[in-house]
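Enquirer: My structure is below; once you've seen it, I'll send some questions.
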Amino acid sequence: MPVAMPIPAERYTLVAIILHWVMALGIVALAIIGLVMTHVKLPPQSLFQLYQLHKSIGITILLAAFLRIGWKLRHRPPILREAMPPWQRAAATWSHRLLYVALFALPLTGWAAVSASPFDIPTVLYGVIPWPDLPILPTLAHKKQAEAVLENIHDYGAFALIALICAHAGAALHHHFIKRDTVLRRMLPGRRAAQTKDSAP
């Protein structure tokens, strides 16, 4: 008796959609907080609280990235059915790969910089959960230099991630408003977003 082949999903699963938008909102929050921390003169206590919030959201994004990868391995994303030139498919594939690299690299370099800091300020996620330093880094002989290098990598990586996200969002909006296909709707929650055909004639 022939085995029925599973029908490919037309859109992402609800879990994937939630993780995607939680991470997107978290990254926007991190970018805003990072700019405020580095460009606005604040009282020491307010600055400390912002740093703790920045670290808390960063670790949350790191954990969400692990969940997203695990979920993606168990639940294949929908096939991109829209006709696209090979170079656009390649660009989409590599931009997603670079986004995942950045989503792991940014929190890890931030965590590493905090771990190497000579100030030894503890990290408490959302003021509730103590978070450990990475191993080895707190015992370095030249912690200040290591912290400076890691902070530079983190800062430049943040600008690279913002550029990738802008390109990613721009491509999604181009598909939605110009090409009028289903690329963006596959990642939007709600029943109306689940429709696979354009409502426009």
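A Cβ is built for glycine as well, from the same backbone N, Cα and C atoms used for every other residue.
Checked TrEMBL, it gives:
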DOMAIN    11-190  domain 'Cytochrome b561 bacterial/Ni-hydrogenase'
TRANSMEM  12-33  transmembrane segment
TRANSMEM  53-71  transmembrane segment
TRANSMEM  98-116  transmembrane segment
TRANSMEM  156-178  transmembrane segment
Enquirer: For the transmembrane segment (156-178), which recorded stretch in the set 12-33, 53-71, 98-116 gives the largest number of Cβ pairs separated by under 8 Å?
Expert: 98-116
Enquirer: Please work out the mean pLDDT for the residues of the domain 'Cytochrome b561 bacterial/Ni-hydrogenase' (11-190).
Expert: 93
